[in-house]
């Protein structure tokens, strides 16, 4: 019996007939499949899967339900045995994780040496199942774009589960040793589970509210924390004790078949979960206040119905879903490193659907190899001789190669994206030069006359901080106040405070934010309100392969046009398909990127007329919000930005999205 993504060691056999005792709840394999496919879709950028990360919470409910049912069905009859329980957990979990860590270490030595220091710290946390607290105590934000995404970051959820497996049996043992009657034991454990689930929900809700998550704070502490994210595990445990181990073991009562009411409730809950996976995103405020408990409660009802013999159980027991569900542990383990090492236009020379197909193929092949060569041999034969069944090795390898070749063929059969040529960026000129009627065909640095009479102040993160040399080359006076790893919820209030204190005195102000998380709309409005005295304010759209990119760009494009002195420099679109402009992480600037970044800033500087007043900017050219190309969240939809209005020195376009030759 598997527990969520980690499984369980209950020695059971598959139920073959409806009238036999259900020793294996086959329908729950289908629930696992739904959960793991949601997570994969979310990280592989499948459209309409912005809430796929909720698959982790579905796993939590399954794990809490199955592991607590196992504890009750065994310990209530045979007596407690902590040693055997924990050894079974290690035998089920660690071999595949060890193989993952080993493979990721080799991959990092080959292609990620610049992040080895951080990686080896993550290895220690992963091996001890403390990844979630490692990230919290080291202030490793989930919303920080710096280099390749941490290849072991997804193991935070396994850490939460394993910590639950260490503490929860002790609490169950305490109740069993002090309460003699079975019925009273069940009632106490059910009440304790529900009480702790409520406490965990309150920690998540109040903690995120006090931290102003996610609009003006980092949600990592509350999302990673075992104390705040154990809701699903505890609600699943409450269902297990309420049922009293029904369906687990020959000495436990059977689970009654589902009625029409049960089936209706299950279908309704399934619909709610599908809606949540397709509509919710990780930046929803209600999600952190009360959303996670609601999702967990809905999942409890679905599990309660699917585990009963009935129509819904049969639907979730179809062979394909069972196949995926039985390999859900391996799929979850391998999918994130696959995504981290297949970044579009960085690790791979292509983007779009090809990347998505390749990621799915690689993940399923690796999961199948893990299942057949590591997980099953150790589970069936133990540590001493796990490869007794070596006759499976060659057929499994041959099947995996066929799957890999077929998947690669499909990936490369998909047509590559064709980029529509866009007009060139015009050369920026000094105030005394007449306004050009046509854009110049070249963008070499020698053709850009430095605006020595204009002063520049920059607020931002490590991207504009890295462009300091180029900014100084084209501007006479540069005050670069950008800070490494600066979040919007810190940067924008600081900017507003500096403006109120009269510390921003410049002709041009550049605001570059959104590389490390979403942009709080209220803070961006407050910041722009505070700098209305600045002659020219330029807000730069981020280009960051992370899940929040689309949301950050939406904020900039919806708010900035409301300010007469502000323009948008669309770095996201301007830098598309220009890998030579970036270093290996696809975010920070190489030398060509620094110059291109500065030229984009120059093109949006508003030049005063002879009377010293600014011309009124042209209306904003609307364009679809671009899709993220990173590893954390899928795009909201297809589409390429439209062509912008052509900027001039006297009347700049509201949004510059042009591409240089």
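Cβ atoms are placed via backbone N, Cα and C, with glycine included.
Computed from a predicted structure; not experimentally measured.
Residues or ranges marked as transmembrane segment by TrEMBL: 22-44 (among others).
The domain 'Acyltransferase 3' annotation in TrEMBL covers 27-366.
Same-chain residues lying 6+ beyond the ends of the transmembrane segment (50-72) with a Cβ under 8 Å from its Cβ atoms: 1-6, 8-10, 28, 31-32, 34-43, 85, 157, 160-161, 164-165, 168-169, 172, 186, 189, 193, 229-237, 239-241, 243-245, 247-248, 273, 276-282, 292, 295-296, 299-300, 303, 328, 332, 633-634, 636. Residues or ranges marked as transmembrane segment by TrEMBL: 50-72 (among others).
Same-chain residues lying 6 or more positions outside the transmembrane segment (93-112) and placing a CB less than 8 Å from one of its CB atoms are 6-7, 119, 123, 126-127, 148, 151-152, 155, 158, 162, 329-330, 333-334, 337, 341, 347, 370, 374-375, 378, 386. Residues or ranges marked as transmembrane segment by TrEMBL: 93-112 (among others).
Sequence annotations record features per position, and here TrEMBL assigns transmembrane segment to 155-176 (among others).
Same-chain neighbours of the transmembrane segment (188-210): 68, 72, 171-172, 175, 179, 217, 219, 221-222, 225, 227-231, 234-235, 237-238, 241-242, 288-290, 292-293, 296, counting only residues six or more beyond its ends whose CB sits under 8 Å from a CB of the stretch. Annotated transmembrane segment per TrEMBL: 188-210 (among others), in sequence order.
Under the heading transmembrane segment, TrEMBL lists 222-241 (among others).
Within the chain carrying the transmembrane segment (261-280), a Cβ under 8 angstroms from the stretch's Cβ atoms is held by residues 34, 38, 41, 48-52, 54-55, 58, 287, 291, 295, 298-299, 301-302, 304-306, 308, 310-312, all 6 or more beyond its ends. Summarising the annotation, TrEMBL assigns transmembrane segment to 261-280 (among others).
Under 8 Å from some Cβ of the transmembrane segment (286-306) lie the Cβ atoms of residues 25, 27-28, 30-31, 54, 57-58, 60-62, 65, 197, 201, 204-205, 208-209, 213-214, 219, 222, 229, 231-232, 235-236, 238-239, 258, 262-263, 265-266, 269-270, 272-273, 276, 280, 312-313, 316, all in the same chain and six or more residues away from its ends. The transmembrane segment feature in TrEMBL is assigned to 286-306 (among others).
Per TrEMBL, transmembrane segment is recorded for 395-414 (among others).
According to TrEMBL, the feature region 'Disordered' maps to 425-447 (among others).
According to TrEMBL, the region 'Disordered' annotation covers 609-661 (among others).
The annotation compositional bias 'Low complexity' is assigned in TrEMBL to 619-634 (among others).
Annotated compositional bias 'Low complexity' per TrEMBL: 642-661 (among others), in sequence order.
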